[in-house]
Ligand SMILES: CC(=O)SCCNC(=O)CCNC(=O)[C@H](O)C(C)(C)COP(=O)(O)OP(=O)(O)OC[C@H]1O[C@@H](n2cnc3c(N)ncnc32)[C@H](O)[C@@H]1OP(=O)(O)O
Ligand SMILES: N[C@@H](CCO)C(=O)O
């Protein structure tokens, strides 16, 4: 944990200044001036070793014996970094989060980074490329579009409406159920949700209920509203995207219904220096966590500077 913006405040995109911002982060490996920055997903946190074992470890894309790896909980989150409980329910943008990240890197003595982000972390990677192009050497963006689509905004809007309708927990559980349907796929649920756990209750129904309970036990509804708002507000125009000269590996997931592979591919085509690759999985958006397959190898090759084949 570190406190940043002590001597001069962070000016948020909404116009509000923030001082003494607490940021929770993990680092792995020996401190260096060049680092790999990991950007977590909506309900993720800075503990990469807990949620991405396929990626972190000796011989993996994030190798602490070779690299200095940093991951911070985002501004507005609820896993150590200041969020609505400390700041109130103010709008926060993905670019604000990148500015906090820049301050953290300065604090750590890091001068250049390569970035890897998935889902919300992938959107945030694009915000970094717009906000801090001087710092970023290359970016691997997994399962994320270049801007939040009406479809994705709609899903988040429905989730926030559930929270507003039933604050205090029930709404967050319904929000997670809606989101889970977009993180899985018809094929994935057909393959996994065949056996009833409770008599008379569809397997998928009790699965979604359980996922809602699980999120309620570890997440905060105010952060959910803040972070989904930040994602929905990320709408760079074509000229901004065309200004991104940094090499990008954009990765779509074949069965992703939240950010369809075709959308990710089209977004990559709008960037001057992006390569596209597709992860084949039936498990939908969360395949980057649950069914990584060739993904670590592809990302590792890109981060090592090797040309990834499309
Ligand atoms: C790059 C990034 O930034 S990612 C950031 C990391 N993100 C996170 O850590 C976010 C939080 N994590 C997640 O989203 C999830 O944990 C994932 C995607 C990693 C995996 O989800 P899981 O819930 O573990 O897996 P899955 O969807 O297969 O569900 C399994 C659970 O549902 C239960 N379950 C399965 N079917 C049913 C059913 N029909 N009825 C009731 N319960 C069921 C299982 O018993 C299991 O329970 P357990 O979690 O107590 O072991
Ligand atoms: N399942 C992950 C990815 C969602 O984008 C999460 O809950 O953060």
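Cβ atoms are placed via backbone N, Cα and C, with glycine included.
Curation plays no part in TrEMBL annotations; they are all automatic predictions.
Here's what TrEMBL has on this protein:
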- 37-288: domain 'AB hydrolase-1' (DOMAIN)
- 119: active site, nucleophile (ACT_SITE)
- 176, 286: substrate binding site (BINDING)
- 256: active site (ACT_SITE)
- 285: active site (ACT_SITE)
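Cβ neighbour count within 10 Å across all protein chains ranks 256 highest among the recorded positions 256, 286.
For ligand 2, the neighbouring recorded positions among 119, 176, 256, 286 are 119, 286, by Cβ distance under 6 Å. If you draw a 10 Å sphere around the CB of residue 119 (active site, nucleophile), it holds 26 other CB atoms from the protein chains shown. Sequence-distant contacts of residue 285 (active site), defined as residues of its own chain at least six apart whose C-beta falls under 8 angstroms from its C-beta, comprise 119, 143, 182, 183, 184, 185, 253, 256, 257, 258, 259. Sequence-distant neighbours of residue 176 (substrate binding site) (same chain, 6+ residues apart, CB-CB distance under 8 A): 159, 211, 212, 214, 215, 216. For ligand 1, the recorded positions lying close by, meaning a CB under 6 A from one of its atoms, are 286; the full candidate list was 176, 256, 285, 286.
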